[in-house]
Every structure is written in structure tokens, then in C-alpha cells.
Amino acid sequence: MIVSGSTSQALAAALARELEEPLAAVEYDRFPDGELLAAAPGVAEADPDRAVIVASTVSSDAHLELLQLQDAVREAGVEEVVTVLPYMGYGRQDAAFEPGHPVSARAVARAISTGTDRVLTVNPHETAVCEFFEPTATAVDAAGRLADPLPDDLTEPVFLSPDAGAIELAETTRDAYGTGETDYFEKTRHSGTEVEISPSDVDVAGRDVVVVDDIIATGSTMSEAVSVLCDRDAGRLFVTCVHPLLARDAVTKLSRAGVEAIYGTDTIERGVDTVSVAPALAEHL
Ligand code: R5P
């Protein structure tokens, strides 16, 4: 039986269809003092052997709600609890970057591990975060789907990643598209919203460019990359990512920078054109 966190209802429904498993009735509420209550009455009623909880932890509330759903399905007598984190919040805080800082990814992984038998997560920022879970989480690669929504008439396409860390995503997207060159920019981050991008070596003049990253958060990285590409007379510009967090004014920022379309997957529910990671997840369930 599939159980959806409030942040992942569309993906949970897609996964239920993909697996031909029922989708549990759930309730999300908040007490007058602000405390949350997430419940799965549908699980108590159906009494399944397995519950697959699908919840992107995009906020502190979503984290808490996931812990409650894990507890609720155990309380209902489920034997196996599988937790699917389409997007793992705090995943980028995978080290203590300054003395006295926490390893937040480890802290949340430990909490989530206590309520589950197995964890799946989609394209974590660093695969090493999977080892913070007990037992180790499985990283599901959905990058092969990023090419799906691209127009099929791109002119001499170039697939670029904003930094060396995302070049594999750009290569996977190019391979799935079937043709094109790949390269990456050099990125220096000065703050949460200030990013400096140095041009890649590829000549982009007159060519259509797809910039590929794992996450678009504030859009600072992508908009810097796009403005470099505009300065170099690139053709049509597209950005695609696995996790369209699209915080604050990211969509406006990217549109103003000259992006024709923003694509992402349904690991995070946002108003952009998406492809579903449900088939990739289903292969592991
Ligand atoms: C970091 O290295 C990630 O791969 C992304 O590039 C980053 O999270 C994007 O953040 P923003 O959209 O805020 O620049």
C-alpha cells in the first residue's frame, strides 16, 4: 500500500498506478498550538503487509510529518515499512563545514532510519549521504528521464553542467537525447545566492543549449550560467534538473535571464513541466 506525505501526493499516486497498489487514505492536520498531525487511517483499515511512504522532505514540517507517518503505519501493524524520499532535504549539508556545525544530513538520516526497514532516495546531491542511513539507503537514478520533455529539433545541441559535479547528469541527458556535445562550467559560490560562473570551452554561438543540474534552488547558479551563454550568443536556452526546488524568485529569475523552458521531475511538486520518477522508483519496489 502506498502512503503519501503531503508534499508528494502526485508522485505517490503515480507510483501506486505504476505498481498497481492501493493508495491509502491519509489526513494532514495541525493543532491550535501549531503541532502537526499526519495520519494514515487507510492503512489501519486495509491492514497491508507493506507500506511504502512517499515523502519529499522539502521543509521541517515535511520531515516531522514523515516521522509521524512511519510511526502511524507501524502502529497499524504493518510488517515492512519502506520510505521513499524523492527529494532528501538537508542532503546538501553532508559535512560539518565549520567548527561546531552539525552534519545535518546525518542527523535527519538517523531519525528517518529509526522508523523504516528500507530507504530509497532519488539522485541525492552526494551519493555518500546514503551511508548515513541504517541500513544504507538506495540511490535511484532518474537522470535518464531528463531528456524526455526536450524539443526534438535542437540545433547542434550542447549539454552543459554548471560545475564538474553535475557533468554525469549532463552526459546521461545527452545520451538519452541521442546527440550533442557535453562540457561543464567552473562554479565558485560566494554565498547562498551569489555564484560566479566561468565559461566552458565549447563554442555555443548559434547552438541550442541545455543546462543540467541536480537541483535548482534559488536559480542563482542556472541564471549565471544562462547569462554567460547569452553573452556568447547561444541559441535557444533550456534548463533541466532532477529536483526543481525553485525557491523564492527562481522561476522569474530564470525567465528574465532568457530561459525558454524549465524542466524537472516530480520529486518536488512545482508548476514546471515535469517527468515522473515513478517508473524508476518502481523498479526498486
Ligand atoms: C550544488 O552544488 C547543486 O548542485 C546546485 O548547483 C545548487 O543547489 C543550486 O542552487 P541555486 O539554484 O541556489 O544556485
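Including glycine, each Cβ sits where the backbone N, Cα and C put it.
Any TrEMBL annotation is an automated prediction that lacks curation.
As given in TrEMBL:
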- K187: active site (ACT_SITE)
- D33, G34, E35, R92, Q93: ATP binding site (BINDING)
- H125: Mg(2+) 1 binding site (BINDING)
- D163: Mg(2+) 2 binding site (BINDING)
- R189, D213: D-ribose 5-phosphate binding site (BINDING)
- 1-113: domain 'Ribose-phosphate pyrophosphokinase N-terminal' (DOMAIN)
- 146-236: domain 'Phosphoribosyltransferase' (DOMAIN)
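Sequence-distant neighbours of H125 (Mg(2+) 1 binding site) (same chain, six or more apart, CB under 8 Å from its CB) are G91, R92, D94, D214, I215, listed in sequence order. Taking CA atoms as the reference points, R189 (D-ribose 5-phosphate binding site) and Q93 (ATP binding site) are 15 Å apart. In the structure as shown, the Cβ atom of G34 (ATP binding site) sits within 10 Å of 7 other Cβ atoms. In terms of DSSP helix, strand and coil, the domain 'Ribose-phosphate pyrophosphokinase N-terminal' (1-113) has 46 helix, 23 strand, 44 coil. For the pair formed by D33 (ATP binding site) and K187 (active site), distance between Cα atoms is given as 44 Å, rounded to the nearest Å. Packing around R189 (D-ribose 5-phosphate binding site) is summarised by its Cβ count: 12 other Cβ atoms lie within 10 angstroms of its Cβ, all protein chains included. On a Cα basis, D213 (D-ribose 5-phosphate binding site) lies 35 Å away from E35 (ATP binding site).
On the backbone, the CA of Q93 (ATP binding site) and the CA of D163 (Mg(2+) 2 binding site) stand 18 Å apart. Checking the recorded positions D33, K187, R189 against ligand 1 with a 6 Å cutoff on the Cβ atom leaves no residue at all. Residue environment of E35 (ATP binding site) contains 9 other Cβ atoms, counted within 10 Å of its Cβ in all protein chains.
The recorded positions shown are G34, K187, D213; of these, the one with its CA atom nearest the CA of the residue listed as 'Mg(2+) 2 binding site' is K187.
Spatially close to K187 (active site) yet at least six residues away along the chain are P162, D163, V195, E196, I197, S198, T221, judged by Cβ distances under 8 angstroms.
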